[in-house]
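Taken from Swiss-Prot as is:
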| type | residues | note |
| --- | --- | --- |
| BINDING | CYS41, CYS46, CYS52, SER282 | [4Fe-4S] cluster 1 binding site |
| DOMAIN | 53-271 | domain 'Radical SAM core' |
| BINDING | CYS67, CYS71, CYS74 | [4Fe-4S] cluster 2 binding site |
Amino acid sequence: MTNISKNAVTKPDWLRVKAPQVERIGNTANLLSDLKLNTVCQEASCPNIGECFASGTATFLIMGPGCTRACPYCDIDFDRSKRDLDPTEPDRLAEAVFRLKLKHVVITSVNRDDLDDGGASQFYKCVSEVRKKSPETTIELLIPDLCGNWSALEKILDSRPNVLNHNIETVSALYRKVRPQGNYQRTLELLKRTREYFPSVYTKSGFMLGLGEKDDEVLTLLMDLRKNDVDIVTIGQYLSPGPKHLQVQRFVTPSKFNYFKLFGENELGFMQVVSSPLTRSSYHAEEIQKLMKKFPR
């Protein structure tokens, strides 16, 4: 297995982000605060929060903000206590989508291993409420692995999202270090089962570079995703949230990111590979509407 050391490396210039437009960030943040909604943009310290909030978009984080898993790369708070789901959350989320006039919305969640269905029913309710208030809005769900509960997966898919995203996060060799409660093969199976159960959905997955992976392992990962019917892939640079988290092993150059993009699209036939240092799984997710027109189902 590839070793992951604790030594940090210097951040390069290409990871610098332009200063955000404070006023427009404030408008989006205030709306989310008024409706008592969480976003992964805030909870996971996403580097693109300025750009996304300034454009009036956000990735909603439901059933949180605490997560029942403590992955060493993630900045979301760990909370293993049993918590009741908020029955008003789906309606509040739908209201935010309506007021922000979103053409495309991304809904994700923390892991809720304390729930029998992993939160599948809450995903279903959120999609249903958004459809009622914003019927023209396309919906992308970024879901956890549900501990391999395939009936829960089917419950989520019964809500008929346009896109089902589940991130594989890293190469197989690093899984036990990076996602100790996850499973590489289970993630691939979830993605494959998604297309088998709901053939018209667009499937998506993403992963990070800079954790100690080798280039040939990245190519294998891309091939594994394609073999399991994934349509869209996102690849971004891992940035350590703090000293207690896994540290960056390398900063991958923009040209290397582009190499993986070209390999995925030209050699493997993905619909789209979004690959750059600042790419995150929901970054520019609204562009899925263009893909849906280009590759109709």
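The backbone N, Cα and C atoms fix where each Cβ goes, and this holds for glycine too.
Cα separation, CYS74 ([4Fe-4S] cluster 2 binding site) to SER282 ([4Fe-4S] cluster 1 binding site), rounded: 16 Å. According to DSSP, CYS67 ([4Fe-4S] cluster 2 binding site) is assigned to a strand segment. The average pLDDT computed for the domain 'Radical SAM core' (53-271) is 94. The [4Fe-4S] cluster 2 site is defined by CYS67, CYS71, CYS74, and by the 8 Å test on Cβ atoms against their centroid, the other residues of the chain that qualify are ARG69, ALA70, TYR73, ASP75, ILE76, PHE78, VAL110, ASN111. Other Cβ atoms within 10 Å of the Cβ of CYS71 ([4Fe-4S] cluster 2 binding site), summed over all protein chains shown, number 18. Just so you know, the Cβ of CYS74 ([4Fe-4S] cluster 2 binding site) picks up 21 other Cβ atoms within 10 Å once every protein chain is counted. In the shown protein chains, 28 other C-beta atoms lie within 10 A of the C-beta of SER282 ([4Fe-4S] cluster 1 binding site). Rounded to the nearest whole angstrom, the C-alpha distance between CYS71 ([4Fe-4S] cluster 2 binding site) and SER282 ([4Fe-4S] cluster 1 binding site) is 19.
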